[in-house]
Amino acid sequence: MAAATRGCRPWGSLLGLLGLLSAVTAAWDLASLRCNFGSFCECDFRPDLPGLECDLAQHLAGQHLAKAVVVKSLKAFVRDPAPTKPLVLSLHGWTGTGKSYLSSLLAHYLFQGGLRSPHVHHFSPIIHFPHPGRIERYKKDLRSWVQGNLTVCGRSLFLFDEMDKLPPGLMEVLRPFLGSSWVVYGTNYRKAIFIFISNTGGEQINQVALEAWRSRRDREEISLQELEPVISRAVLDNPHHGFRHSGIVEEHLLDAVVPFLPLQRHHVRHCVLNELAQLGLEPRDEVVQAVLDGTSFFPEDEQLFSSNGCKMVASRIAFFL
């Protein structure tokens, strides 16, 4: 997937003026000035939901369910001045289907600093929790990190990548932050957003999509109600998933399970054209075809779904240019 851009909807003239004033002098109390003109006064939380919708429509190929669920959830959450609990989304699907890309878009269109915002926190098991034997230390550190950063900024975004590689039991420390209590450890946390990402459930989602195709059902006819139960069961049955022994799924603390469908050949073509556009290049049929020819598809008989989604598109384009 291509890097996020704010090309769909430019920031309004008011925000541009405020950015200019900030550059001229740091002495002014711009936070107070912004609060006089709008309701989003916390940290660098500047939600641009129309821009997000536009970018998703243009660049997230083949994911009608993910787009609908995420946009609907965000709209309800952002527009609520006093939510009773944080927004908690769990993203599931095959590799390369757009989970990480969508997460980067959320940071990009919710926070002025995007992924570089001090209020966007990205956790990777390989980087942050590499040793299962240190789980108790990780629990203590994670709880302190979340609590401390929510104390600084209640409008924080926490991204947990590769949930199927996290030490089981670690996520238990997040359970108090994800429910509907008003205060945890003296911290108001109800305006935070938690995003969990994993490949778990991908095989089950693929099977539902394959059966729909064999039944000649349109892809867009696949419903969230079909996929939620199989994804939840896959998570609960996976002994290596980060939600294991956490109570998060059992206590229904997830606001939405977000399924990502496997990508077909025309979706990969869409990704190739998007990547070429991001590079400032005109569409070239020979490059598009070369990338498609170098992409493996499954099942063996139908050759229907891309084995790696759009994950390898950028590197393959560079090879064929």
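Even glycines carry a Cβ here, placed using N, Cα and C.
Neighbours of Thr97 (ATP binding site), defined as other CB atoms within 10 A of its CB across all chains, total 33. Annotation comment: TrEMBL describes Gly93, Trp94, Thr95, Gly96, Thr97, Gly98, Lys99, Ser100 as ATP binding site.
In the predicted model, the domain 'AAA+ ATPase' (85-227) shows an average pLDDT of 93. Per TrEMBL, domain 'AAA+ ATPase' is recorded for 85-227.
Residues or ranges marked as signal peptide in TrEMBL: 1-26.
Within the domain 'AAA+ ATPase' (85-227), the DSSP-based counts of helix, strand and coil residues read 72 helix, 24 strand, 47 coil.
In sequence order, Tyr101, Asn199, Gly202, Phe260, Gly309, Lys311 are the residues of the same chain, not among Gly93, Trp94, Thr95, Gly96, Thr97, Gly98, Lys99, Ser100, whose CB sits within 8 A of the CB centroid for the ATP site.
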